[in-house]
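One structure below.
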């Protein structure tokens, strides 16, 4: 008689791979997540239930089913978040539509790997634990830990791409995100996944109570009560911290800062025929800002607002003359190069933020550190030769290495250039080094009228909350604005319009939290 006792039987309640239930769950989660994000609908409450369809299948899937579900969810969700890449690669990289679409799908597939890993890890753990009556506890404790841990890895693997982690969708709800100064945006993401797990647990508990065949021993209320207590503590901290920071901000020194949005089309930005027109527009808008009720002590122009290398451009004299005449300080984005002292030729190129003092002198410079792969440099250029036209539009840059703030008298500006605003570590280190105001210079003309500028703004909001610093954002197109400590943020200007805005911002806010100091110190102690 044949003996099969050594074979491991598959779970009896495995979902049929050919059925629709698996893919409906995956697509429903992808849809809910997409609708919760800014730029499409921004229905942020959906965030707290978006993962429940995915969680409902875990613990009863084969490995093949789990991979199919994770990849399906991730591909559809991240395609909805990065769809604008097709237009960027076609318009500015000269790629064929088929190649641009392939690039989008490749990126979405890479991002989907992390959702797939989440599904695989949780599915395996739940299958093993349910036989011991620990499924509910494991779900509540490990789902947020695994999801947030994978987000953290995605933030630095392969140069890092922490684009629109779940917590960022709450950027406009100040009472829900104040705990970010304890654990960054990752703590907010952890809370979001924890709430999803708790809601799913409650649904399963209700279902089990009506099923005579279900074992309810795994659904006693000790676990959810612990989770509820944790969430209550985080919520209470957010409310109290918000009130505390608002009070301190009122008593803080105020600096008036102007953000200028030029709205220069990317197709015109680097045209030699448009240089003078571009400079004239920024000077005109800056003059309007100076004619307002409050004279700014610092005017901020966007990333590469000067579409030339200042050392070799006569138009730079007009900018310096304007600064001297009005006795103000100007922080502007510009490409920059250093000179070899031997033969006076450029040796390194950088995407920089230049600070001109009231005499028109270049008093400080910040070089962008986290460059955009395939946009500002080409990794593995031998294999990605077809991306070269996109990089040639602005240059193949060298990253900077200094986190020192730019000294503008009472303002110590921590500069974040474009893509850098999505990486918490740069703003954190600048704050520890003495920055009392964060300044984001960006050029969102690449994205066109898509959801990307809204995503970029949402992520930038968290840099202000995490570090307890006011923030000014000057964008070429898209969204410019201010984030003050005692409120959400000011109303954003109309999309894709040239204008200027001036705002008084507290520049002597609360000291950065101990968590900020410790994390920054540890991060840059690593080799």
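Each Cβ is built from the backbone N, Cα and C atoms, and glycine gets one as well.
Sequence-distant contacts of the transmembrane segment (20-37) (same chain, six or more residues past either end, CB-CB distance under 8 Å): 43-47, 49-54, 56-57, 61, 65, 68-70, 72-74, 76-77, 80-81, 164, 166, 168-169, 451, 455. Per TrEMBL, transmembrane segment is recorded for 20-37 (among others).
The transmembrane segment annotation in TrEMBL covers 43-61 (among others).
Feature annotation from TrEMBL assigns transmembrane segment to 68-86 (among others). Here the transmembrane segment (68-86) has Cβ contacts under 8 Å with residues 17, 22-23, 25-27, 29-31, 33-34, 37, 40, 54, 57, 61, 97, 100-101, 103-105, 107-109, 111-120, 163-164, 447-448, 450-452, 455 of the same chain, all six or more residues outside its ends.
Feature annotation from TrEMBL assigns transmembrane segment to 98-123 (among others). For the transmembrane segment (98-123), same-chain residues at least 6 beyond its ends with a Cβ under 8 Å from one of its own Cβ atoms are 54-55, 58-59, 61, 63, 66-67, 69-71, 73-75, 77-79, 82-83, 85-87, 89-90, 139, 142-143, 146-147, 150-151, 153-154, 158, 161, 163, 386.
Marked as transmembrane segment by TrEMBL: 135-164 (among others). Within the chain, the transmembrane segment (135-164) has long-range Cβ neighbours (under 8 A, six or more residues past its boundaries) at 37, 51, 55, 58-59, 81-82, 110-111, 114, 117-118, 121-122, 125-126, 129, 186, 189-194, 196-198, 200-201, 204-205, 218-219, 223-224, 227, 370, 373, 379, 422-423, 455, 458-459.
The transmembrane segment annotation in TrEMBL covers 184-203 (among others).
What TrEMBL lists as transmembrane segment is 223-240 (among others). Nonlocal intrachain contacts for the transmembrane segment (223-240), taken as residues 6+ away from its ends with a CB within less than 8 angstroms of a stretch CB, comprise 136-137, 140-141, 175-179, 182, 187, 191, 194-195, 197-198, 201-202.
Positions annotated as domain 'CN hydrolase' by TrEMBL: 260-514. Taken together, the residues of the domain 'CN hydrolase' (260-514) have an average pLDDT of 85.
Only residues 6 or more beyond the boundaries of the transmembrane segment (184-203), in the same chain, are considered here, and those with a CB under 8 A from a CB of the stretch are 47-52, 55-56, 136, 139-140, 143-145, 147-148, 151-152, 165-168, 170, 176-177, 219, 223-224, 227-228, 230-231, 234, 424, 459, 462, 466, 519. If you look at the transmembrane segment (43-61), the same-chain residues 6 or more away from its ends with a CB under 8 A from one of its CBs are 11, 13-15, 21-22, 24-26, 28-29, 32-33, 35-36, 69, 73, 119, 122-123, 126-127, 130, 135, 139, 143, 166, 169-170, 172-173, 192-193, 195-197, 199-200, 203.
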